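As given in TrEMBL:
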- 29-50: transmembrane segment (TRANSMEM)
- 80-99: transmembrane segment (TRANSMEM)
- 106-124: transmembrane segment (TRANSMEM)
- 130-152: transmembrane segment (TRANSMEM)
- 183-211: transmembrane segment (TRANSMEM)
- 253-279: transmembrane segment (TRANSMEM)
- 311-331: transmembrane segment (TRANSMEM)
- 343-364: transmembrane segment (TRANSMEM)
- 371-390: transmembrane segment (TRANSMEM)
Amino acid sequence: QLDDFVGAHPDYNEEEEEQKYFRRKRLGVVKNVLAASLAGMLTYGVYLGLLQMQLILHYDETYREVKYSNIQLEDIDRKVLMGINVTPVAALLYTPVLIRFFGTKWAMFLAVGIYALFVSSNYWERYYTLVPSAVAIGVAIVPLWASMGNYITRMAQKYYEYVNYKEEHVQEQQRAPRGACNAYIVVFQTIFYVCFHLSFVCAQMPMLFFLNNYLYQLNHTLSGVKHCGTLSHGTLPGFNTTVLQSLPRSVNLIIVESALMAAAFLAMLMVLVLCGSAYRPTEEIDLRSIGWGNIFQLPFKHMRDYRLRHLFPLFIYSGFEVLFVCTGFSLNYGVCALGLEKLAYLLMAYGLSASASSSLALCMLRLRRQVPLLAGAVVHAALLVTLFCWAPEPRYLHQAPLLYSIAVLWGLGSALNKTGIS
């Protein structure tokens, strides 16, 4: 009887149970990738949506005078944008140290938490709340992207290990052969960017469901605008300084900000609860044994790779092209021709196109990896030539199909550019 109790079960199949175990592990990896991707989408959706809504509200002269007559909101907004855009320049100095100290998952969690802090600072809009939180966002941008990129890549490596668990180098926890994980990296990066680009759609929810109810129509906001596109000098000269036909109540603003805060908190919970650790405990110990000096030098050592040096201009361009489509194109072309009330739809077209087009990165499984980068560059170059040669008519709604087409094609180029670099 004792042998029956402690002995092997007659129906037990060791190989089948092993397959089930590693299938569960692979599903866990997919869950981690989806959770990290959706958390990134929520984080950036909340951040971009709040920033866009607040900049439009602060632009309105009546809103500034009635609600914040003596705190110089325009000056604060300039310093907020400077804090967000300039602070990341110093990120090379501390990002590897931060990730080494906290670990990949906790660096992600910390960065998402700083984005949530930025949302909470908008409950009480003052210089001493908005500017420090904007600087904190600038500090967190590079660690967020570095830790998230490392997390997605590490999940691809783990998935490879769980698929090839019988291989000798996997069982002995040795380094995988060169290029063995590439297919999984391409697939997981594609999943990430399909989700991430939807943040541009999520960011328009406050404007669609809240702010558009208070905006003047284009005949009022564009009454002083004479030229659009390349014929205009600066950012939409002549745009009316009053864009709100009625001021939103403070209670309604608090409700919108609370909804955004809840979404940011949900992103934090997704990273905390649903994202598993990136490394095994033994691997974490090995990483922590690397000296601080070596960790500090890592970004500069990576630049020895000629491929990274050649990609460096594309890294910079990938940030500026998104900035261009969200400001230069959207304002000087989209808003100038269609009115401020159509801004949300234009950016949603861009976001949906970029999300759908990110799936084209799967072509790297069959084609050379330079193909998406070159295709994205060709699309953007053609669009830039078109925009340089064409200036839309102010307040002329019949140009909408062309403007939406440009937004969709720019989203295609952005998706190919970002997935190709990653």
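Every residue gets a Cβ built from N, Cα and C, even glycine.
Keep in mind it's a predicted model, so treat the numbers as computed, not measured.
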Closest-packing stretch to the transmembrane segment (371-390), where packing means Cβ pairs under 8 Å, from 80-99, 106-124, 130-152, 183-211, 343-364: 343-364
Same-chain residues at least 6 beyond the ends of the transmembrane segment (29-50) whose Cβ lies under 8 Å from its Cβ atoms: 108, 112, 115-116, 118-119, 122, 137, 144, 148, 151-152, 155, 158-159, 162, 188, 191-192, 194-196, 198-207, 257, 260, 263-264, 266-268, 270-271, 274-276, 326
Positions whose Cβ lies under 8 angstroms from the transmembrane segment (343-364), at least six residues beyond its ends: 186-187, 189-190, 193-195, 197-201, 203-204, 207-208, 212, 325-326, 330, 334-335, 371-372, 403-404, 407-412, 414-416, 418-420
Annotated stretches the transmembrane segment (130-152) and the transmembrane segment (80-99) touching (3 or more Cβ pairs under 8 Å): yes
Positions on the same chain near the transmembrane segment (311-331), where near means CB under 8 A and six or more residues out: 48, 235-236, 303, 343, 346-347, 350, 373, 380, 387, 406-407, 410, 413-414, 417-418, 421
Tertiary contacts of the transmembrane segment (253-279), as residues 6+ beyond its ends and Cβ separation under 8 Å: 28, 31-32, 35-36, 38-40, 42-43, 45-46, 49-50, 53, 103-105, 108-109, 112-113, 115-116, 119-120, 122-123, 150-151, 154-155, 202, 206, 210, 287
